[in-house]
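Undergrad: Straight from Swiss-Prot, here's the annotation block:
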type: ACT_SITE; residues: GLU460; note: active site
type: BINDING; residues: HIS459, HIS464, GLU517; note: Zn(2+) binding site
Amino acid sequence: MAESDFDKTQYIIPNEANINFLECRTAFGGLTEKEKCYAHYLYKASWEGALICLLQTSPEAPGIFLLFQKLFSSESVGSLKEKALKSSVAPTEEEFTSFLTYVAAFYGNIGNYKSFGDTKFIPNLPKEKFQTIVFSSQAYATNAKSVVTLWSDCCEAMYSLKPKLRQLGFGEQGISTYYSSNCNKSDAEFIQGFLKEKNIEGWNTRLFKEINDKGHVTYNLRLASTALSAEDCSAEKKDDVASLVKSYEYQGTTVKITRGDYAGLLKKVVDNLIMAKGFASNENEVAMLDHYVHSFTTGSVEAHKDGSRHWIRDKGPVVETYIGFIESYRDPFGVRAEYEGFVSIVNKSMSAKFADLVSSAETLLPQLPWPSSYEKDTFLRPDFTSLDVLGFGSSGIPAGINIPNYDEIRQDEGFKNVSLGNVLSAHSADQKITFLTEEDAELYSKLKAPSFEVQVGLHELLGHGSGKLFIKKPDGSYNFDHKSVVNTETGEKIQSWYTEGETWSTKFAELSSSYEECRAECVGIYLCLNKDVLRIFGHEGAAGDDIVYVNWLNMVRAGLLGLEFYTPENNKWRQAHMQARYVILRVLLEAGEQLVQLTRIAGSDGKPDILVTLDRNKISCVGQPAIGAFLRKLQVFKSTADYASGKDLYDKYSAVDAHFLEMRNIVLARKTPRRMFVQSHTTIQDGVVSLKEFEASASGMIASFIARFPGDDPVLEKLWRDDLPYHQY
């Protein structure tokens, strides 16, 4: 498909996109001065590292960021607008608004690809008008050469919608700056074999391939660290990475492990973590920060795991935080993780509900549709808190999190669940509800927030927190009774398991993220029918039935909306959660008995529309058994490391046939833009921390980023320009 033969509106953020402010003043006001200082330095660490996301998104993203910082550090939005509208080839008012919308969306996603869906977005105004705005700026008047250089270095890529640039991915299916542009999936698979042999995990790595004049290939596996060489760089703790930093010959190919990826940015993270340590509340927080500092200094994943262990033990802190290379959704191979850092404040009243859910977990787990042999030997009671986000530095903000993602810690030592309360409440604001009857839309609007609260709780605690991985240990022993445990799908003894060097994410690779989200979503809708669960969240009788109905209706509707995140040209899903919800929709449609119906209709505007209906009387007798049978298969294939069976099952329900492709066209025509979040900013002067808030608008988003990152950033610019030769698309 040529660049001019497709609907460009799918790659534009409309001016009416909702922008919400994440309110946290009340929670922040409840902190002591010491806690505010602790939160402030964690906030700084989280956001300084968030610039790494630019380098992990696209070749041009850091340059666009630097351009915007230069423009808006020099003058206000109002001043720039006044000058731009007076120029000889002035943009219209609407075009200037489109410019601001693009800037806000770029900041909100920390890059020019959507954090939810991984598709590119471009400015909704001509390039010439965008240039007029840039060249009307005070920054241009002060230093034209610098502004022109930045603009010329990123403007073509900013606007390009060549097929492979439209989404993140491998080879011709997209771009990924986790890899040099000459890498494809086979390179990632080859290096994964090397990593397994050396017992190294790839969370904090990038892979760049170099080919010399004689055609000899050298793979450069870059570790994120402030350390730049193999020299031991840690005085206090053993530098377990230094000995790995060298060249290897692997299957006739040179593999070179180097340190120092993102070094200058991680130095700022480390400096602020060290400052935060002075305001920690207990020894677990001190030890946690020490290990994080060691991890970001040396590139050690093991140190980050140790920090995560202390984080788990830090029960019920008032100020909650997590930081590092955490989620691997955006790596097309599903192994390398995006940077994220957050700091938040506990909402005590809401957290009490989640604590009650944790207390009930041991009675709820046996109700899941698999034998007890597929469950962890001991339920490790996790923290489950509702948090108000103070700062979340990454490409997107989730509604709930279950971390850490390290299998051996989750299985043997525990984890934490968090629900981000001010994110959930922001989502509950009025918005247009598509594809439902008027009656359903009214009930949905009323109960979406409380029903989603139940779903998030179950999804995180008993979804991600349930199930066992069957492992054969190096000494030949098993962590399950391999002589008696039976595969529920074959009736035979267990034939497969995880071995040393294998994890869930490496074994299931690119399938792992969506598959696991689907498993957790299934647990949520399966268990939400439980009366005790509903009672914990304050829903009983008919009101509880309505919560169940809206939760299931939301899942079914989300499955239809998921089609927006499917790319038919390469048969790829671009968003793990939305693929998962589409899979669940397909399972429920297959259950039959008119439980779920998708009906093509003419909308009130006369254009094609779809009506989603769910028979609430059949949820328990048709829907729940169907989800239970499917969920059992998901768990068994996960437990037994049976990638082939898991892939066959998941691919079957992920398939989008001609019927659903037609529906996809309607979904795209009626899609509503995803909301953006403006976050507060903290400053400290003479030991006193202040909170600054911003308006919920594009201008407010811009002001918040200028407050966080005033002026130029030579560290980021050098990292960007050093990377560019490896990203030739």
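Cβ coordinates are placed from backbone N, Cα and C, and glycine is handled just like the others.
Help me understand the surroundings of these features in the structure.
TA: Listed in sequence order, PHE384, GLY400, ILE401, ASN402, ASN417, VAL418, SER419, ALA520 are the same-chain residues six or more apart from GLU460 (active site) with CB atoms under 8 A from its CB.
The local packing around HIS464 (Zn(2+) binding site), expressed as other Cβ atoms within 10 Å of its Cβ over all shown chains, amounts to 21.
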Undergrad: Using a 10 Å cut-off, grab the number of neighbouring Cβ atoms around the Cβ of GLU517 (Zn(2+) binding site), all chains included.
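TA: Cβ-Cβ neighbours of GLU517 (Zn(2+) binding site) within 10 Å number 22.
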Undergrad: From the centroid of the CB atoms of HIS459, HIS464, GLU517, the recorded Zn(2+) site, which same-chain residues not already listed sit within 8 A by their CB, in sequence order?
TA: GLY400, ASN402, GLU460, GLY463, GLU516, ARG519, ALA520, GLU521, VAL523, GLY524
Undergrad: Which residues does HIS459 (Zn(2+) binding site) neighbour through Cβ under 8 Å, counting only same-chain ones at least six apart?
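TA: Once residues fewer than 6 apart are set aside, HIS459 (Zn(2+) binding site) is near GLY400, ALA520, GLU521, VAL523, GLY524.
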